[in-house]
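Here is what Swiss-Prot says about this protein:
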- 305-334: region 'Disordered' (REGION)
- 663-714: region 'Disordered' (REGION)
- 668-693: compositional bias 'Low complexity' (COMPBIAS)
- 1038-1057: region 'Disordered' (REGION)
- 1090-1209: region 'Disordered' (REGION)
- 1100-1112: compositional bias 'Polar residues' (COMPBIAS)
- 1131-1140: compositional bias 'Polar residues' (COMPBIAS)
- 1145-1166: compositional bias 'Acidic residues' (COMPBIAS)
- 1517-1544: region 'Disordered' (REGION)
- 1565-1590: region 'Disordered' (REGION)
- 1638-1677: repeat 'WD 1' (REPEAT)
- 1684-1724: repeat 'WD 2' (REPEAT)
- 1776-1815: repeat 'WD 3' (REPEAT)
- 1818-1856: repeat 'WD 4' (REPEAT)
- 1903-1933: repeat 'WD 5' (REPEAT)
Amino acid sequence: MAQGSRRRKVVLTAGAEGCSSSSGPDMEELLRCAERDLNIDARQLALAPGGTHVVALVSTRWLASLRERRLGPCPRAEGLGEAEVRTLLQRSVQRLPQGWTRVEVHGLRKRRLSYPLSRVLPFEEGSCSPETLTRFMQEVAAQNYRNLWRHAYHTYGQPYSHSTAPSAIPALDSIRQALQRVYGCTFLPVGESMQCLSNVRDGPSRGSSACPSLLRAEALLESPEMLYVVHPYVQFSLHDVVTFSPAKLTNSQAKVLFILFRVLRAMDACHRQGLACGALSLHHIAVDEKLCSELRLDLSAYEMPSEDENQEVSEEKDRTGVKSEKDGEGRPGCPTCQKELRGLVLDWVHGRVSNFYYLMQLNRLAGRRQGDPNYHPVLPWVVDFTTPYGRFRDLRKSKFRLNKGDKQLDFTYEMTRQAFVAGGAGSGEPLHVPHHISDVLSDITYYVYKARRTPRSVLCGHVRAQWEPHEYPATMERMQTWTPDECIPEFYTDPSIFCSIHPDMPDLDVPAWCSSNQEFVTAHRALLESWEVSQDLHHWIDLTFGYKLQGKEAVKEKNVCLHLVDAHTHLTSYGVVQLFDQPHPQRLAGAPALAPEPPLIPRLLVQPIQEATGQEDISGQLINGAGRHVVEVTPCESGWTRERPTAGEDDLEQATEALDSISIPGKAGDQPGSSSSQASPGLLPFSAPSGSRPGRRSKATGLDSGEGDEGKIVLPEGFSPIQALEELEKVGNFLARGLGSQLEEPEKPQAQPPVYLQSLFHRDMQVLGVLLAEMVFATRVRILQPDAPLWVRFEAVRGLCTRHSKDIPVSLQPVLDTLLQLSGPKSPLVVKKGKLDPLFEYRPVSQGLPPPSPAQLLSPFSSVVPFPTYFPALHKFILLYQARRVEDEVQGRELVFALWQQLGAVLNEITPEGLEILLPFVLSLMSEEHTAVYTAWYLFEPVAKALGPKNTIKYLLKPLIGAYENPCRLHGRFYLYTDCFVAQLVVRLGLQAFLIHLLPHVLQVLAGVEASQEEGKGLVGTTEDEENELPVPGPGSCAFGEEIQMGGQPAASSGLGLPDYRSGVSFHDQADLPDTEDFQAGLYVAESPQPQEAEAVSLGQLSDKSSTSEASQGEERGGDDGGAPVDKNSVKSGDSSQDLKQSEGSEEEEEEEEGCVVLEEEEQDEVTGTSELTLSDTILSMETVVAPGDGRDREEEEEPLPEQTEGKEQKILLDTACKMVRWLSAKLGPTVASRHVARNLLRLLTSCYVGPTRQQFTVSCDDSPPLNAGNIYQKRPVLGDIVSGPVLSCLLHIAHLYGEPVLTYQYLPYISYLVAPGSNSSPSRLNSRKEAGLLAAVTLTQKIIVYLSDTTLMDILPRISHEVLLPVLSFLTSFVTGFPSGAQARTVLCVKTISLIALICLRIGQEMVQQHLSEPVATFFQVFSHLHELRQQDLQLDLKGCTEGQLPEATFSDGQRRPVDPTLLEELQKVFTLEMAYTIYVPFSCLLGDIIRKIIPNHELVGELAGLYLESMSPSSLRNPASMEPVTPSAGPEWNPQSGSCLQDDGHSGTFGSVLVGNRIQIPDSQPQSSGPLGSISGVGSGGLSSRNEDNALKRELPRSAHGLSGNWLAYWQYEIGVSQQDAHFHFHQIRLQSFPGHTGAVKCVAALSSEDFFLSGSKDRTVRLWPLYNYGDGTSETAPRLIYAQHRKSVFYVGQLEAPQYVVSCDGAVHVWDPFTGKTLRTVDPSDSRVPLTAVAVMPAPHTSITMASSDSTLRFVDCRKPGLQHEFRLGGGLNPGLVRSLAVSPSGRSVVAGFSSGFMVLLDTRTGLVLRGWPAHEGDILQIKAVEGSVIVSSSSDHSLTVWKELEQKPTHHYKSASDPIHTFDLYGSEVVTGTVANKIGVCSLLEPPSQATTKLSSENFRGTLTSLALLPTKRHLLLGSDNGIIRLLA
């Protein structure tokens, strides 16, 4: 049984590919031995596609035991069928069942290693890499001397000396020892005998590999017959990269060189251990997504087959009979698998091999693998089966085109082309690349074809999940019509494919004209070999494998394949492969053009005989070279090609003999042909109908016209004299250009030389040269056989290198020349074809160097390979990354720290191409669970510094977001929230990008949302209208490093359509997704073009727009609420990884999804006593600034922290985050802090209350529960109050910083927005977000009331009443609006609302309550009456007249009829109980006194209910005042679940801070401490009516802050928070905000730092000053400089910042580089000639560190601040005299610099080449200033009063502005606008995009005195810095 399965596998993997390799028996032997020695089931073994090794499916446990040197039987894959196992062994399959993996088994036959191997070891060049130039030269000299001596000896001395043969050892022993040294482990004996025990007695059982660049070995095994090396499975090789993913290596020579570098390292290690690498190919270099390469040795090259074994192989091949059917029938000579493609093509063209065999060979060359569902061989469908033997298909069109039609393909191409243009080339989205065809044979089609033979489970997994057997095509006719893909070989060879193994699926029916499956297969095969197919098959080859796959021909034929044009960079092992780039020659199916006999020359006199002989015609059948019958074809005149001169007087006998000779079967002339009348131009004329007669001429032979011309020669119809030459040219052109082949020369027998190890090493180097050339000419060498001998590969690539030398990259030309001797002596190389011989002999000394070796090529002093200087450091970095296995956080930190120590050496010399190699490793570290935080902390700053802001945002933003959103709690997580790290983020990302994209994720930690992974999933899109605000899964939603394979789409990060770059980076791909598009769930979703606001960025994109009603309300409110207006598009623009499939109003789905919100919160609730305690201390430590002195009792009363690591970490984390937010709020200033920090915090506040768990009351650990602890009114905060503590703390700190207006102008409008009822939705519409928003609104209002002054409170009291209290009460008392969390949420809201109303009552007094709060109080109490009336009516509602969907109505005592939802009555009764009546009536009767009768009409009813509650209490309860405490939570300024942690001195907390008994207030003595944790939460409470600090409890003063808003600052802030973030225009209102006096001379230049918290100014007083930009005062205050730099000797005319190193550059004729933090001078650059001073300076943008300087002699110089001396020096003026350089500007990319001269001339220079791109007279006057903008735009101003906008390489300006009176001498840029300034003190704003129009404002003397000299704009803050000639700088808005 095992033998049969083995034989079956061999046939499937090797034979069915159309060729049985000569090593087939060898590989069968390897399969047999592996099964026996390794105990692996034969079903789980398969030959690798190249036939070099065996792939095995093994269990991970078996592999683990093998690594431990224990070899047991490998478990069988019991749960998998044979077909499934066969599929899992295919290369394109990446997903394996749990617990299974694949390995590679490489074997060496011991009997073939019996030859002796010379002991001569290589020279010492590889023993140690030369470290100095002297050492390198010494090594070279010594090797040259030895080589020359030995060469002379071998040439002249050895023939005459009778020396003994060199010492040698058996190759087996040498190889065994070398393998053990290389792989660091010993051989494990396996099999029946233990003969090899003696060879492994010493050495470690397992060690480290000699070189990490070598593919590691899992184990070395030895049996009596074999040596085995077991490798991990190689998923991708370099061959896959160059074949299927060539875009991964495009535009980067460094990547190719780095692969070569690592290969050389591996080869060097092997050579030093005495092991040759073998005949390597691209398949032997394993690569991963990061292009990290590892070398896999070719051990089979060591085997030397003997002659008797060769004979055995051929006999075995004959016995198996594979040749007759699989190798191609009737094929003469040796197996074509060993021939070069040239012979194969010629054999097919001349009919010596069958169509089937030839097509299978092409499939094999393309890498297609039998049985691989993604990459199975393809053959054409040739007929449609509708008629007997079918109608032939048009092979000039692809099957996809025939099925879909031209219109469909044109539409697909045009649509994808438009999307491609709109999205930008290289946008990374393959679906939007213009194409016609997606695939030639998809895996689904493959399984449909083989559905009858494939297990049901496989079909359900790949075709359709639900088993529908009758949905599969039932007949061959239906199959051919249905599929757009090509056919598979099984329909031509395998009759069993029609037979179904499924009982409910019928067999696949063959056409009616066939009686059996076998007959159909035979007929189908005959059709494939028919003459009709043969004559057009070359067209199909061109479409499938040839030149019509790419270029104009592909577009013309509608054959553009997606895989070939999408420029994908992910690795894949299948796709469409182009073999030929020239038209394929046609098969010569008719008579040859040059036959042995000449054609008949017809004359008038032989006409009767011709007619007679025509009757003797016999139809013949063509027998092609494969020995199969072809459809009937008859010969015609075009087949008669032999020409014999015949005179006009020749007799009839000669003509008759000629005619008779051509119709005799068996002669050369009997091959059929055809008339050329039906042949296409340029095709062979063999397509006439089979019924034509060869001897008969048509009437169109020209006889009529030539009857009178006796001597005229008339050629036969269709005969072309040059036809044979044309055919020869076509074939020759294809062979030369397409195949690069040449005439084969006879081999000369050569004696077998002895095998020297040194020769093997030379052979390795030659193999390396061949391999490099194959990588360069990957598209041209696909025509070579996969198992072509090395000498064939060498000759092919050497010819390519000679003919196409310009295609070789410059960096590889020297190494290819050295390795392959391309430019050697004129005498041709003698190529040796032995298996162990070098291809040729290297010269002893070539160009002064010895023969190449890995060590020589790796030497930094060798010029053969130009390896960059950073390669060794980068290689060391990657080795360290690969060597460490990180299993916990400690190891993760150690690894990152070690990498950080090495990173400096890498980045010092690295280039952008090197960063492309390094960056995927950094991104991988930032995406791994145990290293993400530490990678961000240690590596972000140096890597971002090298990348620059643009690339940092592109590549590092997504992993940064993932690190912040990752739910895992790590010890070092707080590092990400330190102010120093956030400062780095601001600097490296840019302030605007940080605020928009990253800040919302940073702030999430305050709300605790990041701690709940389940919540993050549950909040993803409960309804469609909530998708913009609920959390969406980002990198933190799944395990770190987990590849999301579903659909092949990388998980988009939250809020941003950011691609995943871990698989590769290319800086050349700069066409990113435009800002107007977002990548969402694989589709483009249109979005507003402005920068995405924080509202649309992740967490809940936690905005408050939780329903359609709220969104519409936001639109109505506009900017009034202090939040940005919500536009309808933004609701749909949130990035989500889920499809937009939730429908609006689907409350059932909403409830189900919200149910999973709080899975982790329940666990948090169980440890409330631990984690909340730590939270309390954190919150209070934050608030010590807000309320100084109030926390003095905290340390005394504080409980010791529980000894739980998680609690401590959470405390540290929140402490750090709150501290960072306080620092950031001050750093950003009032407007930016309000727009970005405060708004995000307000949104987060709502998320703190989402879900039922966060609405549960909590119990503090130090409380002994009262008697009624089970009561829902137990006085304790809800969990949401605990979670929201840090958020409230930060919100109040912002209010403390900037004053009371923050509370009234920003917080209160947002509260109104939260509680506003929806206008467009049904009254019952209340979701979990809205519910949480109500709780958050009431909680925040409690905080606000405490900190408001009396005057302010009275001013806004009507707003609070109408916009907060009444809307909340409308939800709370509604009979039709249900709460998602039921009675619990309504109870919490009720309790909080009572506390809020009571707090306001205490603040304003009884009279004001009656005047302003009577309506809210009455509304609240009225609900008791309504419920009482419904209870008295027995809940009988008026159901009459209620149509379906309408609610019944009830009539109440006030005469009004109101709708009532019967399902909500129970919920309301649970809330408004007797206890609730008692709880609210007693305190309000105390607070309101007698006016309660006027305000509350039903006070008597509520009083009765309260009395009933008192009566229901037991006497014991009445005696215990504590148990009678109403436990209504109340709002206070600060709260904490821990007793004594409150900011107030009072520790008591009753309903309102004390126990209320009857109508008096009683302070209980029995409770020295609060019995509940609400002491500091409860509003009124917290000592609200206590005897201590009563004023502080009800009212707190906001401490005065130096940054408090007043005057102009307040007016500007009020305006600014109402402006939409989507407004891209700059508005100048001339509001004076601050003054900066100090300079004693005119201010010449002003420049803001990138973080916008400081700015620099340079002046005539020879100083540069650094000023802070923090707000002070009311707009009239003056600010002193933070630092003064006074090292200049002249007037300073330029100051700027080098962004990458954060240095300041200033110039006064000499350039000074200094540190802005210390003022220390770092470098001074003086002009080379004092008579030629510097006139203009510009700094290069990050990541560049260069300074550009222009001198008065029109010379441009570049200086790198890190290195001494000049970098470059370019002359700008040329032959002209343009004057002095007045201004310089560098493009944002740093690729060009533009200089403006005093003559108005401008010059554009390429900084990379130094070439002048353009010079033009731009202005008529002096150039005053130039600035460069993104998009190759230049803006220049001149003394001719003009401001002009240019495109870099366009002649005419795009816009031209003219100032009427004064020139624009200074300007700055704001987005697409220019802000200008003139000497007349006028500020103007004009657009770069719209037609010329300018808004101008004259500066008033009150706001600005003096003359404007300089201007700078703060883009994020929207401020202007204006410098004047009096030395004062002013900040205006």
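Cβ atoms here come from the backbone N, Cα and C positions, even for glycine.
When Cβ distances are compared across the two stretches, the repeat 'WD 1' (1638-1677) makes contact with the repeat 'WD 5' (1903-1933), since 3 or more pairs at least 6 residues apart fall below 8 angstroms. Here the repeat 'WD 3' (1776-1815) has long-range neighbours at 950, 1735-1741, 1744, 1748, 1750-1752, 1754, 1756, 1758, 1768, 1770, 1821-1830, 1832, 1834, 1836, 1838, 1840, 1848-1849, meaning same-chain residues at least 6 beyond its ends whose C-beta is under 8 angstroms from one of its own.
Residues of the same chain lying 6 or more positions beyond the ends of the repeat 'WD 2' (1684-1724) and with a Cβ under 8 Å from any Cβ of it are 945, 948-949, 987, 1641, 1644-1647, 1649-1650, 1654, 1656-1666, 1733-1734, 1736-1745, 1747, 1749, 1759, 1761-1762.
Sequence-distant contacts of the repeat 'WD 4' (1818-1856) (same chain, at least 6 residues past either end, Cβ-Cβ under 8 Å): 1782-1788, 1792, 1794-1802, 1804, 1862-1869, 1874, 1876, 1886-1888, 1891-1892.
In the predicted model, residues of the repeat 'WD 2' (1684-1724) average a pLDDT of 93. Sorting each residue of the repeat 'WD 2' (1684-1724) by its DSSP state yields 0 helix, 20 strand, 21 coil.
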